[in-house]
Structure formats: C-alpha cells, structure tokens
Amino acid sequence: MPEVTDERFIPFSLQHGLIALGGFIAIAICVVAGRRRGTPERVARALLTFITLGSYAVSQWAWSQVPSEVSLDNLVPFHLCDIASFIAGFALITRRRTLILLTYFWGLAGTLQGIATPALDFAPPHPVAIAFFLQHFSVIAAAVYFPAAEGWRLAEPWWHEPLKAFAWLNVYVVFAVLANGLLGTNFGFLAAKPTTPSLLDHLGPHPYYIIWLEIIALVLFALLSLPVRKGHRGSP
C-alpha cells in the first residue's frame, strides 16, 4: 500500500503535467484497443466498466486512510464527477443512449476540468490522490471511447441531445443545492468555491459564479456537439 504522507498537491507543477500526460496516454490506448474488434475491445470495455463503477469503493478506502478528513462531502457520492462515474459505468454495460449522452457531455465539459484544476489537497502516492485521478480519467476515457471507438453520434436534430444533457445537468444542480442546504455540504461546489485554485476563482462571488457556470456549460456543450454530429468524419 502507498505510504500515506502529508505532501500537498501543487497544481500546474511538473508532477501535475506528468500525471495528465500519463492519463491521456492511457485514454488513447483504451480508444485504440476499443477500435480493434474482438479481445482488445472486450478488455478495454471491461476495464473501463470496472474502474468507473469501482472508483467509489476505491475512494472510500482512500479516505479511510485519513479519518480526520472524512466528511459528508467525500463520504456521499454526490459530486457531479461521482455521479458521472456511475453513469459512465452503466452506459458501458447497457449502451443506453441517455447514459452515453450524459457521459460524453458531463465527462468532457465537467470532469475534464477536474484534471485541469484538481480540487485536491493530497499529492500522489497518497491514496486519495490516486483515487481522484483514477475516477476522473476513467470518466473522461469513457466519454472519449463512445464516439472515438464505437462511432457514437448525436441524433438529429443535433441540438436536441445537448439540450437534454444540459437539462439533466440542471436537475443535478437543483438536487445538489437542496442537499447542500439540508446537510451543510458543498456538492458540485455550488455552496462555495473549492479551497484549491479553479476556474470558479475568475467567475465572481457566490452565487453569481453559478450563473456563469451555466453559461459556460451551455457553450461547451454546443462546442462538444460539433465533432459528434452525424456525418462528421472519424467514425471507426
């Protein structure tokens, strides 16, 4: 088991860059394997399914190593990336269109931001850091896997499904705000900004940054729609 240390994670450091590079190389390998029919495809899909669905258990084990830091925020899987991880796993199993849709848009518009500016205090090899990156990279891998390896594309009219994903995102926002009010939590960072540097630092005070997040999400969903419109080249 990795030694538990008090070393703090430093965003935009060499370590951060190497972790990101390694994660994206792993994603590329999954996509290449997924495009090869037969055993490579089955292994890639099974591995992604196992990690996305198992990441919560790994996270709980990781937090058990630092009981003084445990709270409802890291005990209850109600951050957007936690839910996206479960959705991605079931999307890989069931291939249900709505689940794939949410995996793609939430994974690339939301979870990717978690890699760019991790809300993370501990540095690898701390178990919490390992669990964090394992979960986030697996969701991003699943989000890329569906269009790049399986040729998933938006249904026509192309704008309908991004709006559907945006509507479901706002359903999450409503429930997260209610949970935060009742439990004193900060799910989705909708009650307060993270203590670590993030995009939210540039979007004004609470609650106004939530409005900007809505606008940014809508713009990102529109941009992410472009490479997955029907007729776009790149299908396997």
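Cβ coordinates are placed from backbone N, Cα and C, and glycine is handled just like the others.
The annotation transmembrane segment is assigned in TrEMBL to 12-34 (among others).
Annotation comment: TrEMBL describes 46-63 (among others) as transmembrane segment. With a cut-off of 8 Å between Cβ atoms, the residues of this chain six or more beyond the transmembrane segment (46-63) that come close are 30, 69-70, 74-75, 77, 82, 85-86, 88-90, 92-93, 126-128, 130-132, 134-135, 138-139, 141-142, 145.
Annotation source TrEMBL lists transmembrane segment at 75-93 (among others).
Summarising the annotation, TrEMBL assigns transmembrane segment to 100-120 (among others). Same-chain neighbours of the transmembrane segment (100-120): 9, 11, 16, 20, 23, 80-81, 83-84, 87-88, 91, 128-129, 132-133, 136-137, 139-140, 142-144, 146-147, 152, 161-162, 164-166, 168-169, 189, 194-199, 217, 220-221, 224, 228, counting only residues six or more beyond its ends whose CB sits under 8 Å from a CB of the stretch.
The transmembrane segment annotation in TrEMBL covers 126-146 (among others).
TrEMBL lists 167-189 (among others) with the feature transmembrane segment.
For the transmembrane segment (209-228), the residues of the chain that approach it from at least six positions outside its boundaries are 104-105, 108-110, 147, 152-154, 158-159, 161-163, 165-166, 169-170, 173, 190, 193, 199-200, 203, 234, judged by C-beta separation under 8 angstroms. Taken from TrEMBL, the feature transmembrane segment applies to 209-228 (among others).
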| note | Long-range CB partners for the transmembrane segment (167-189) (under 8 A, at least six residues beyond its ends), listed in sequence order, are 71-73, 76, 78-80, 83, 98, 102, 105-106, 119, 198, 200, 210, 214, 217
| field | Intrachain neighbours beyond the transmembrane segment (75-93), with Cβ under 8 angstroms and 6 or more residues off its ends | value | 45, 48-49, 52-53, 55-56, 59-60, 63, 99-100, 102-103, 106-107, 110-111, 114, 135-136, 138-139, 142-143, 145-146, 172, 176, 179, 185, 187-188
